[in-house]
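The transmembrane segment annotation in TrEMBL covers B:55-74, B:80-97, B:109-130, B:136-154, B:163-183, B:189-210.
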Amino acid sequence: MDRWFKIDNAGKIFRSVSNKSNTSIFRVAMIMTEPVQKDLLQEAVDIVIKRFPTLAVRLQQGVFWDFLDQNDKRLLVKVEEEYPCHPLKAEENNGYLIRVLYYNCRISVEIFHSLTDGTGAIEFIKTLGYQYLRLCGKDIEDEGLVLHPEELPNRYEMEDSFPKYYQPVQAKRQNEQRAFHIEGTLLEPFGTNTTHGVMSASGLNAIAKSSNATITEYLTAVLIHSIYSQNMKYGIYSKPIKVTIPVNLRRIFPSKTLRNFFTIVNVGVKPSEELSFEKILTSVSAELKEKTKKNNLNNVMASNIKLEKMLVARFVPVFIKNIFMRYGFENFGENAKTITLSNLGNTRLPSSMHKYVRQMEAIIYPTRKSPVNCGVCTVNDSLTVTFSRTIIDTGVIRSFFSFLALESGLEIKVYSNKWGKSL
Amino acid sequence: MNKCNQCGIYIYGNDNKCPLCNKSVGELKDTYENEWYPAYNISEASTGKGMVKKVYLFIAITVISVCLLVNVLAGLENLWFLYVACPIMYLLLLINHTILSKVHTGMKIILQISSISVLLFTIDILSGFYRWSVNIVIPYLFIAGTLIITVIILRKKMLWKEYAGYIIAMIFLGFLPMLLYLTGVADTLWAAAISALYSFLTVIGMLIFANKRFKNEVTRRFHL
């Protein structure tokens with residue numbers, strides 16, 4: 001079959017803006033209880049990649065839009081040698097925009113964001129982990145929680161859900177106030193440092209619940225508090241601290257797509273001398289609940305799709321569109337946020353797989369104006385918060401984990417990839 | 001697990017340094033099982049082809065700037081430095097892109113055809129603009145480019161998908177000489193007409209011999 005896919009609404013932006021300092025490549029990883037065997041992992045990839053045709057693609061250039069073409073070459077598994085989310089050279093990867101890496105007990109999948117979002121990536125790594133464990137001879141069942149590798153992909157998984165669920169409304173794009181940006185000296189040599197903190201998901205949930213908040217709301221508040229206490233407490237700052245939170249639209253619309261289907265909301269707090277953690281949490285909870293209501297999310301989605309559907313814009317060659325998209329991304333997207341916090345949620349694995357999977361990680365690529373980003377992933381009651389950074393300063397990250405450990409009383413186990421001279 | 005009392009966290013794995021504050025805590029353990037990441041092999045300086053490309057770029061800039069300076073000091077009546085600068089820039093593209101880079105051969109062919117056209121057009125203008133470039137050479141260069149990609153596709157049918165975009169681009173370029181004639185840049189019709197006819201016949205050939213695949217490819221490349 002000779003398949004091709006249009007790049008979806010969210011994916012078009014990532015295609016336009018990606019470069020060395022903003023790779024648009026994110027990682028999800030599964031830490032197994034035993035070291036990974038390369039040959040079996042390669043065998044598993046060979047089987048599983050056919051189940052995910054929207055990931056088995058190469059990028060092709062078009063006149064008005066680029067597109068994704070079916071890739072029949074082999075996706076080769078590689079040992080991890082570079083820092084996470086480093087730029088993807090298509091010609092070195094048989095044209096794939098996805099890489100599968102292994103190191104010790106970790107299986108990592110790094111994906112160019114034009115292909116899918118966190119949900120799609122989690123589904124892929126679940127199926128990959130399941131198939132790998134089966135090839136290892138483990139007695140496991142899918143229990144209806146894993147997309148079975150031998151099933152045929154259905155068309156709902158391959159659909160672009162943005163135009164399907166988009167409801168045209170007179171949505172005006174709100175000009176957001178410029179946010180405070182974390183600044184610092186870039187790591188030398190340039191790369192991404194990752195710092196992971198592992199904690200009990202139920203423990204954190206209990207603490208968040210005691211404050212009438214969800215885990216995402218609680219972590220967002222801790223993050224804002226950390227940025228405030230490390231960067232702004234003793235200065236005069238007028239710009240708000242804003243956290244960009246990707247929202248999975250599958251929770252609102254009945255989509256089964258494995259492609260991008262998310263939007264983002266910005267949650268912010270203006271710094272003041274009397275800013276306490278409790279005040280931040282109350283404000284964040286209220287704002288996030290309001291902004292994630294269906295109507296509001298539909299408005300955000302509609303304003304994004306409106307631009308793509310403009311008749312005049314459609315006939316503009318893609319290289320000119322890319323210039324405008326880069327400008328929009330830098331001036332409206334990046335300027336309006338301080339940091340991204342992406343919570344991929346609790347990954348439900350079959351109970352027979354639990355004893356073989358220790359934890360999962362999600363790494364969000366940093367960008368030039370957002371040099372520290374945060375990814376959260378949970379499996380088997382083990383919640384991993386991962387900070388990725390391209391700057392030397394660790395103040396925010398240290399403050400974040402220390403707050404959680406000292407104020408909330410959680411036991412937090414921290415490790416890092418040690419990239420950069422400061423460590 | 002070692003604990004950092006200052007940060008209040010446990011250090012997960014082999015390390016005896018706190019990943020947050022960098023202070024030493026406890027003893028270093030050396031077991032592979034608890035190793036989270038590889039020891040990165042960092043080479044700060046450019047090596048291999050990257051370094052060679054930089055050397056050629058530096059040599060090109062040096063030669064062009066020296067020629068420009070001599071030209072300016074000797075008087076600007078005759079801009080002879082352009083005769084040096086244009087071929088050097090072409091050579092730079094030839095070495096750094098066509099020879100040393102890993103980009104697709106189709107892209108290399110298109111860029112070669114385009115850059116040779118620009119080089120000859122510039123030399124034509126500098127030497128009095130007798131229009132030999134736009135009247136004769138450029139139309140035949142485009143025909144040659146289309147022919148080369150067609151031959152590659154015919155010989156290696158498996159590579160059809162990879163070259164489809166480039167043949168479509170060359171077909172469009174084939175009509176460019178006619179546009180130059182219609183706008184008065186070129187003043188000889190026959191070469192421009194041959195180039196346009198060749199592109200037209202290539203389209204017809206594609207429609208007859210690779211109808212479905214060619215239509216699919218056009219649909220993909222031009223989707224809105």
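Including glycine, each Cβ sits where the backbone N, Cα and C put it.
Just so you know, TrEMBL annotations are computer predictions that nobody has curated.
Remark: the transmembrane segment (B:163-183) contacts the transmembrane segment (B:109-130), by the rule of 3 or more CB pairs under 8 A. With a threshold of 8 Å between CB atoms, the same-chain residues lying at least 6 positions outside the transmembrane segment (B:109-130) that come near it are 79, 82-83, 86-87, 89-90, 93-94, 97-98, 137-138, 141-142, 144-145, 148-149, 166, 169-170, 173. Same-chain neighbours of the transmembrane segment (B:136-154): 105-106, 109-110, 112-113, 116-117, 120-121, 160, 163, 166-167, 170-171, 173-174, 176-177, 180, 188, 191-192, 194-195, 198-199, 202, 205, counting only residues six or more beyond its ends whose CB sits under 8 Å from a CB of the stretch.
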